[in-house]
Amino acid sequence: MTIELKPGGLLIAIEGIDGAGKTTLARRLATTLDAAGARVVLSKEPTNGPWGTQLRQSAATGRLSAEEEAELLIRDRHEHVDTLIAPALARGDIVILDRYFPSMVAYQGAAGLPLDELLERNAFAPRPDVLLLLDLPPPTGLARIRARGDAPNHFETQDNLERCRTIFAALDLPGKHVVDASADADSVLRQAHAIIVAALADRLSGDAHTDTGKAALELLSGGRPA
């Protein structure tokens with residue numbers, strides 16, 4: 001059974017400081033929802049496009065100013081929205097993003113740019129229907145980064161991650177859910193999966209109370225997290 005959503009789909013953004021487990025959760029959610037019959041598009045920011053590639057290179061060197069990084073992020077996001085996010089939502093797909101504009105607000109805000117201006121510059125970007133904020137103490141995130149063999153970049157200092165965590169917590173956006181990312185990966189997945197199934201109830205192409213809608217919800221909620 002293919003699970004059909006209404007036009008507009010469902011936009012899920014997974015956010016949090018470095019080391020919180022965003023990429024792992026995004027991939028496992030995509031696998032779980034796909035196995036249940038949903039059409040899923042998995043993407044990330046920065047993207048692999050020219051602006052995103054330049055940003056990742058700068059993260060290793062720290063040579064760009066916060067304003068220069070913000071400008072590249074906006075260019076990257078415009079392209080991402082136009083070429084992938086908006087078309088997928090129009091088809092009624094579930095779009096899962098490993099980072100989105102809240103990361104720009106948190107990280108560039110932690111670098112000193114005004115939060116209200118950062119939000120205003122992202123007004124063009126579709127707002128997530130579900131914003132999963134993976135909350136984690138920075139020392140734990142840094143320990144995870146080192147455990148996987150990576151050297152922390154210039155963003156990944158405890159002081160900077162503390163500032164980012166504070167901004168993430170203060171963001172007042174619809175659809176925001178805080179998930180304890182210090183729990184094991186399976187527990188985090190179960191929490192996130194339950195939140196998404198609840199959000200999907202009114203997005204199904206068949207009403208959730210019809211036989212088709214009930215069957216779709218049963219598949220989604222009964223699908224074992226991968």
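Positions of Cβ are set from backbone N, Cα and C atoms, glycine also.
Database features (Swiss-Prot):
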- GLY16, ILE17, ASP18, GLY19, ALA20, GLY21, LYS22, THR23: ATP binding site (BINDING)
Remaining residues near the recorded ATP site, that is with C-beta within 8 Å of the centroid of the site residues GLY16, ILE17, ASP18, GLY19, ALA20, GLY21, LYS22, THR23: LEU134, LEU136, GLY141, ARG144, ALA181
Count of other CB atoms lying within 10 Å of the CB belonging to ILE17 (ATP binding site): 29
Fewest-neighbour residue among binding-site residues, criterion Cβ within 10 Å, set GLY16, GLY19, GLY21: GLY21
Chain-internal residues, separated by at least six, CB under 8 A from ALA20 (ATP binding site): LEU134, ASP135, LEU136, GLY141, ALA181
Spatial neighbours, same chain, of THR23 (ATP binding site) - Cβ under 8 Å, 6+ residues apart: LYS44, ASP98
